[in-house]
Every structure is written in structure tokens, then in C-alpha cells.
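Worksheet: the structure to be examined is printed underneath.
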Amino acid sequence: MDIKSALSRIVGQLDLTTEEMREVMRQIMTGQCSEAQIGAFLMGMRMKSESIDEIVGAVSVMRELAEKVELQSLDGVVDIVGTGGDGANIFNVSTASSFVLAAAGCPVAKHGNRAVSGKSGSADLLEAAGIYLNLTPTQVARCIDSLGIGFMFAQSHHSAMKHAAGPRRELGLRTLFNMLGPLTNPAGVKHQVVGVFAQTLCRPLAEVLQRLGSKHVLVVHSKDGLDEFSLAAPTFVAELKNDEITEYWVEPEDLGMKSQSLHGLAVESPQASLELIRDALGRRKTENGQKAAEMIVLNAGAALYAADHAMSLKAGVELAHDVLHTGLAWEKLQELGAFTAVFKVENEA
């Protein structure tokens, strides 16, 4: 199916099959479509609402074309990632949580990018922390094997995305591509926490990941609108485990934590996010640093559970709490900076 035929179908509010979507996505990602066609396709899909079959087709093509990171084993390797677009401008919770996971001995293959609508994307934060981002897939694998954590800079692994960059930027709206990033981890992880910008996406994206072979995934959205677990409100979870999907709400109190406002956790820049994370991961914390630490513990705990590194969400949160307060997570961030600095010298020689 070509993109013109697909547009005719979409205008008629008809869904594409998985295979038809694969054909259209391959044309988009290999530069066979004009920017006008891509923009029309993305808007048409949004107006119609993307089906599970369509998302599966799009994800499978992006995964196929990605520059992959080959790991010795994917057992218990986890990614904690959000779609962004929640408008809250909270500090980089998922990225900070990743260092707690690594300090707990749980390997992390973190996939992320620069901010699109927010103040600080994961790549922006890590760059502010002095971590070199432009790694080869082999270098990322060496980071994960040696340190238990590596960062995959999305634009380095999904170069085919460049064909859709112009239309996405000019539309300035959330499109299908906002959902695809968290579903296209270049290391092919089977364990994830995926935060989404709307509760209505939780179940569908859990079903997409089920069809694509994921093992244990939590797809989450909090009642106060975050694409992660919140301290200030219940969080809705669609959990894929043992090839079954269950849906439920989680309150901070269910996990042994106290509900509190998120006041003081919004940031205006990657540097401000880094300062708050340094405060949160350090041994002596300000009031905002303590609150940020609890937000990190909540989300790192969920990822420890998704990685099967803890038997329950509550056990994951307890482990994350213990690890964060050792100060080892901040040391892990500094180790990654030193480790990638060597690769920077190699790559720029």
C-alpha cells in the first residue's frame, strides 16, 4: 500500500492492517514520501485515532531500521522511559531513577532524546552532567556490561526518523511518533516502565508490547497528568506479566510512601534538573531534594519490579529507598561520565 492509498483510507475513518502500516511506515522512513504527505498522514492518524494493529506495524518498522545495541543477555535489563508531553516540566525522574537501578545491580539500557516540549530531556540532562552521548552501539553495550547502565541517544539509533522531523516540528502537535520512542528501545529490552501522556493509552500500549514479545512491563499515567508514578495523586497502571495484562490504581500509601504536592519539583533547564538530582541523590538533602528523592524512589522501585529484581512494587520501592540513601547512585552517574569521556577521545581522535 502506498501513502496516497493509506490517506484515502484514513480520511474515511478506516484502520490500516499491521502489514499495510508496515508498508507505509517503511516508505516514510526511507524517504519515499513528501513532507506534505507525511504531515497529512500524521494528522489523519491522530484524527482517526491509531489502532493497536497500526502501532504494532509502525513500531516493528522502526525497530527493524534502528541501529541496534547487542547485549550478551537481556535477562532483567530494564528501560524506564516516558512519552513526555505531560506539560508538568518536572525534573528528569526516569533518568535519575536509572542510576538508582544501576546502583542496585539492575542493568539499565536507557533510551532517550532531547526535550521536544519540556524544559529538559534525558539527553539534555546527561549532557549537562558531562556525559558524552554520541556513542557507537558497541560503546553503549560496553557501558552496560561494565557499569550496569548505558544511554542510547535516540537520534543516533533512529536516523531514519529524520524524514519525519520537519513535518513533526511544523505540526507542533503530538503525533504517532510521540508514542513510538518508548516502544523502540535499540537494545530490544523486554522489561520496561513506560510513562504515557494519557490514561487511555495505558492498555493499548501494553497490548502492543505484549504482541511484540515484552515480558514484564508497567505502562503508567498518574491522575495529576504525569507520564510517571506521582507522589501527589493515584497512578493508573496497565501491567503486562506472564503474558497477561492487568489494570489497577496505585496510591503512594500503598507502597509505604506519603502523598505530597509536587511543589518545588518543576525545573526551567537541564542544569536546574541536574542540581535537584544531585541534591536528591546526595546524603544531605534540602526539603525539595528530599521530595525529589521520594519521587525517584517511587519510580525506580517500579522499574526494579518490572525488571523482576523485586517481587512486588512495594518491595521494589523499599529496595530503591535503601539504595538511594547510600549515595551510590550519584557515584554511578559520575562513573558513566568518566567512562564515556574515554570514548569521546577515541571518537574524536
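Just so you know, glycine gets a Cβ as well, placed from its N, Cα and C.
These features come from Swiss-Prot:
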type	residues	note
BINDING	Gly82, 85-86, 92-95, 110-118, Ser122	5-phospho-alpha-D-ribose 1-diphosphate binding site
BINDING	Gly82, Asn113	anthranilate 1 binding site
BINDING	Ser94, Glu228	Mg(2+) 1 binding site
BINDING	Arg168	anthranilate 2 binding site
BINDING	Asp227, Glu228	Mg(2+) 2 binding site
Across all the protein chains here, work out how many other Cβ atoms are within 10 Å of the Cβ of the residue listed as 'anthranilate 2 binding site'.
20
Name the residues of the same chain, 6+ apart in sequence, whose Cβ is under 8 Å from the Cβ of Thr95 (5-phospho-alpha-D-ribose 1-diphosphate binding site)?
Lys110, Gly112, Ser122, Leu125, Leu126, Ile277
Reported as an integer number of Å, what is the Cα distance between Gly82 (5-phospho-alpha-D-ribose 1-diphosphate binding site) and Asp227 (Mg(2+) 2 binding site)?
6
What does DSSP say about Asn92 (5-phospho-alpha-D-ribose 1-diphosphate binding site): helix, strand or coil?
coil
Using a 10 Å cut-off, grab the number of neighbouring Cβ atoms around the Cβ of Asp227 (Mg(2+) 2 binding site), all chains included.
26
Starting from the Cβ of Ser94 (Mg(2+) 1 binding site), draw a 10 Å sphere and report how many other Cβ atoms land inside it.
25
Give the three-state DSSP assignment (helix, strand or coil) for the residue listed as 'anthranilate 2 binding site'.
helix
Alpha-carbon spacing, Asn92 (5-phospho-alpha-D-ribose 1-diphosphate binding site) to Asp227 (Mg(2+) 2 binding site), which is rounded to whole Å:
11
Looking at the binding-site residues listed here (Asn113, Arg168, Asp227), whose Cα lies nearest to that of Ser94 (Mg(2+) 1 binding site)?
Asp227
With the cut-off set at 10 Å between Cβ atoms, which of these binding-site residues ends up with the most neighbours? Options: Asn92, Asn113.
Asn92
Taking 10 A as the limit, how many CB atoms besides its own sit near the CB of Gly112 (5-phospho-alpha-D-ribose 1-diphosphate binding site)?
27
Would you mind pulling the DSSP three-state label for Gly112 (5-phospho-alpha-D-ribose 1-diphosphate binding site)?
strand
Where does Gly82 (5-phospho-alpha-D-ribose 1-diphosphate binding site) sit in the DSSP three-state scheme?
strand
Could you state the CA-to-CA distance between Asp227 (Mg(2+) 2 binding site) and Asn113 (anthranilate 1 binding site) to the nearest Å?
15
